[in-house]
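Novice: Attaching a single structure in C-alpha cells format; questions to follow.
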C-alpha cells in the first residue's frame with residue numbers, strides 16, 4: 001500500500017511539472033508559430049537534491065545546422081549546462097558525452113573523456129557552431145555505432161546501466177531518421193526528442209521512445225527550452241516505477257525515467273492494452289523467402305510445400321516429386337508426372353487402352369468418314385480424304401474436283417489444250433495443221449496447193465490466198481498482175497527540192513552544194529568540218545547545220561566544247577589506295593598525305609620518321625610533327641630564337657603560381673594533359689628555395705591550394721605532387737581563384753618573398769570556359785601589385801576574359817588554342833616568356849631561402865609579420881584579457897616556443913613596454929575581429945549562392 005501511494009504521488013507530481021507532446025487532447029498554452037500550435041512548458045524550480053549515485057550513460061545530440069543562429073545556439077548550451085547541474089557526474093555514476101551535427105557529425109567529447117562535472121561544463125562552453133546542414137539520422141547512427149561503444153566509454157550491457165540520448169533539433173532532417181532511431185531504441189537506448197519551432201511532430205515521434213507523452217517534447221523557440229530543465233530532472237532522477245506500482249505487465253516490467261513500459265518474451269509482441277502479450281505471427285508480415293507455405297511457430301517459422309512437392313536443402317524452395325524417375329510403372333509408351341502421382345501417355349496416333357497402361361493405333365475412319373466426298377484414309381495421327389482417279393482434292397481437304405491437266409501440267413500447246421478423262425491433247429485453230437510434235441501448229445499453205453495465177457507474190461490468208469506486188473509496183477485491176485508505181489506523180493512527199501522515183505519507192509534530192517538531212521526530206525549546206533577543224537583539239541564532227549568537237553577514247557570534252565582532258569579513273573573508286581588516288585595517264589597511282597610515305601604494296605601508307613631521315617639540327621631532341629619536326633629541350637632549358645639550339649634559363653629567383661581550372665567542362669582526360677603542361681613548365685625552372693619557388697591552385701566552385709610557394713624545394717617532389725593532383729570537376733569560379741591567389745598565394749606566410757627583394761611574381765592562369773563570376777576586379781588588383789599575369793585558354797575559353805586577366809602587352813601574355821593538341825607549342829612560348837622575366841630581373845638570388853624575412857611591414861601587402869606573437873605577449877593587459885588565445889590547445893608549436901623563449905630570456909617585456917603599443921594592438925585586434933565577422937558573413941552568403949547555382953546546374 002505504501003509503494004502504491006509513493007508511485008501515485010510521483011506520477012501526480014509529473015503531471016503538474018510537465019506537459020509533453022501527446023496525440024490526445026489536453027489543456028495547453030497556445031501561441032502563434034507560423035500557423036502551428038506549440039506546447040508551452042511551465043517554469044518549475046529545480047529539485048534541491050541532485051541525482052546522487054544515479055548510474056547512467058547520457059549522450060547529448062545537438063542540432064548545429066545553419067538554421068540555428070548564434071543566439072539560439074547559446075540558449076542550447078545554457079540548457080545543457082542547466083541539465084548538468086543536477087547530474088552526479090563521474091566514472092562510477094553518470095557519464096556524459098556530447099555530439100553536435102550539421103552535414104557531418106562532430107564528437108565534442110565521449111563518455112570516457114571527462115571525470116568531473118567542471119571539465120564537462122568547460123567543454124560545453126567552448127563548443128563552436130558548425131552552421132551546415134541537418135543530417136539527424138547520421139548523428140543517431142553515430143551515437144549507436146560509436147558513442148555508445150565500450151571503446152568510447154559506454155559500460156557493458158550486462159551491467160544494466162541505462163543508456164540515454166537527449167536530442168535537440170529545430171528543423172526537418174535531410175536524411176531518414178525513423179529506421180535508425182528504431183534500431184537504437186531496440187538496442188535498449190532511451191531517446192528523448194526535443195523539437196524547437198517548426199519541427200514536424202511525426203518526425204519527433206519517429207525519433208523518441210514510447211510512450212511519446214513521456215519522451216517527445218516541442219517548444220516554440222530556443223528561449224523556452226529552459227522550461228524543460230525541471231521536467232528532465234524529474235525524469236532522470238526518479239525511482240524505479242516497476243518496484244512501487246502494480247504494473248500488471250504479463251511478462252516483464254521495464255523502468256523508464258519517471259515511468260515504466262511492459263515488454264514481452266521472445267516470440268511474443270505487446271497487445272494494444274500495452275500490458276498483455278500475444279504470440280507474434282512472423283508469417284503475417286512477410287513470407288521470409290518461403291516459395292510456397294510459411295508456417296508460424298513460437299518465436300520462429302518454418303517453410304512447407306504443397307502436396308506433390310518436397311522441401312529443398314535451403315529450407316525455403318520446393319521441388320516437384322518425380323514419380324517416373326525410378327520406374328515407368330508399366331506404361332507401354334511414356335510415364336508422365338501428375339500433381340501428386342503419375343499417369344501413362346501414348347505416342348501421337350495411339351490411344352490409351354482401358355488398363356491405362358497399354359496403347360493401340362487409332363482407326364480414325366472407323367466411326368466416321370469425316371466428311372470426305374470420295375474416300376476416308378487413316379494416316380499416322382489423323383484421317384485424310386482421298387479422291388478417285390481423274391480427280392483432285394479441293395482446298396477444304398474433303399471435296400473433290402476433276403483434274404485440269406492442261407492447267408496443271410502446262411503441256412506447251414501453241415494454240416489450244418483439250419482435257420480428256422485421264423490426260424490432254426493439243427489442237428490447232430482453223431487454217432492451221434498440228435505438227436508431228438503434237439504441240440506446235442503450221443498454217444495451211446494455199447499458195448503451194450494450187451495454181452493461184454499471181455504475177456509476182458502469193459500471200460496466204462486465213463482460209464485462202466491473195467496476190468501482191470513487189471515493192472515499187474502496184475496491183476492491177478485483175479488482182480493478179482502488177483505495174484511499176486510512179487510515187488512522185490501524185491505528190492512530192494514533202495521533199496524540199498525534188499522528188500525522184502526509185503525501184504521500190506521514192507527519194508528526195510537536194511541541189512549541188514547541199515546534202516539531205518536525216519529527215520530524208522529537207523536539205524543542208526555541205527559538211528562544215530570540211531572547211532576546217534574549228535578549233536577542235538582532237539576531231540571535228542559535222543552536224544546538220546554546224547559541227548561538234550569530239551575527243552579520243554580515254555578523254556572527255558571540257559566545258560569550252562573544244563579542248564579535251566583525260567578521264568578521272570579515280571572518281572568512282574579509290575582502287576584500294578589508303579590515302580589518295582591520283583590519275584596518271586589512262587591509269588592511276590596511290591599517294592600518301594603529308595607526314596606519310598607509300599608502302600611496298602603501292603597502296604598502304606606508313607608514317608614518316610622525319611627526325612630520322614632529315615638533318616634537323618636540333619641540339620637536344622627532335623620530335624616528329626606531321627610532315628615536319630619540332631626541336632625540344634631537356635629539363636632546365638628552353639628553345640633559343642633559331643628554334644634548334646637550347647639555352648638554360650637564368651637561375652634567378654622567381655615566385656610562380658599556377659591557377660588551374662578544374663571545372664567539369666574540362667574532363668578528366670584533358671585534365672591529365674594540363675598536368676603534363678604544368679610539369680613541362682616546371683622542368684624549365686631551377687627549382688630551389690633560393691631560385692624558383694612554385695605554388696599551384698586548383699579551382700572549380702571552390703579553391704584548393706595543391707601546394708604553396710614554400711611547399712617543395714625540388715622539381716622532382718613538385719612534379720610528383722602535380723601527378724597525384726585530384727580532379728575537382730564542378731563549376732568554374734575563376735574570379736574567386738584570382739582573389740585567393742592575390743590575397744594568400746603571394747604572401748610571405750605561403751612562401752612568397754617580400755616585394756622589397758624585387759623577386760618577379762608570375763601567375764599562369766589556365767581555363768577552358770567562361771567564368772561563373774567576375775574576373776576583372778582581382779585580375780586588375782594583381783597586375784596593379786606587380787604580378788605578371790599569363791592567361792592560357794583552350795576550347796570554349798572567352799577571349800574577353802583572357803584579355804582582362806593577361807598583363808600588357810597582350811600578345812606576349814595571352815595564349816589561346818582551339819583544342820589541347822597545341823598545348824606543347826603554348827608551353828614553349830610560356831617558357832620563353834618566363835626566361836625573359838628571369839633575365840630582366842638580373843639573376844638575383846634570394847639569400848633568405850625559405851625563412852620569413854624579418855623586415856618592416858610593406859604597405860602594399862598585408863603580410864602576417866605586421867604584428868608578431870612576441871609583440872602580443874609583451875602587452876600584459878592584452879594577454880590577460882585574451883588568455884584563451886594563448887592556452888596550449890590553441891597555440892601552434894612554433895608559437896609555444898616563442899612564448900617560452902620570451903619568458904626565459906629575461907627581457908623586461910611586461911611593464912617596461914610602451915603602453916601605447918599595447919593599446920594599438922588591442923585596437924587592431926578589435927578591428928580584425930570585425931573584419932573577420934564581415935568576411936564570414938560574406939562567405940556564408942556566397943556559399944548559399946553557390947549551392948543554389950549548383951542545384952540549378954544539376955537539374956538542367
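Any Cβ shown, glycine's included, is placed from N, Cα and C.
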Novice: Taking 878-916, 917-955 as the choices, which stretch does Swiss-Prot tie to coiled coil?
Specialist: 917-955
Novice: Cα within 10 Å of residue 564 (disulfide bond): which of the disulfide-bonded residues 249, 305, 324, 372, 618 qualify?
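Specialist: Taking 249, 305, 324, 372, 618 one by one, none has a Cα falling within 10 Å of residue 564 (disulfide bond).
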Novice: Based on DSSP, name the secondary structure state of residue 221 (N-linked glycosylation site): helix, strand or coil.
Specialist: coil
Novice: DSSP says what for the domain 'EGF-like 6' (443-483): how many helix, strand, coil residues?
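Specialist: Per DSSP, the residues of the domain 'EGF-like 6' (443-483) fall into 4 helix, 14 strand, 23 coil.
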Novice: Relative to the Cβ position of residue 318 (disulfide bond), how many further Cβ atoms are located within 10 Å?
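Specialist: The answer is 18 other Cβ atoms.
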Novice: So among 262, 318, 335, 458, 523, all listed as disulfide-bonded residues, which is physically nearest to residue 290 (disulfide bond)? Use the C-alpha atoms.
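Specialist: That would be 318, the closest of 262, 318, 335, 458, 523 to residue 290 (disulfide bond).
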Novice: What residues in the same chain, six or more past the boundaries of the domain 'EGF-like 4' (361-401), come closer than 8 Å to it by Cβ-Cβ distance?
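Specialist: Contacts of the domain 'EGF-like 4' (361-401) (Cβ under 8 Å, skipping residues fewer than 6 from its ends): 348-351, 421-422.
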Novice: Is residue 523 (disulfide bond) helix, strand or coil when read with DSSP?
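Specialist: Where residue 523 (disulfide bond) sits, the three-state DSSP reduction gives strand.
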Novice: Measuring Cα to Cα, how far is residue 372 (disulfide bond) from residue 365 (disulfide bond) in Å?
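Specialist: Roughly 10 Å, rounded to the nearest whole number.
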Novice: Can you tell which of the disulfide-bonded residues 249, 324, 385, 417 lies nearest to residue 631 (disulfide bond) in space, using Cα positions?
Specialist: 324
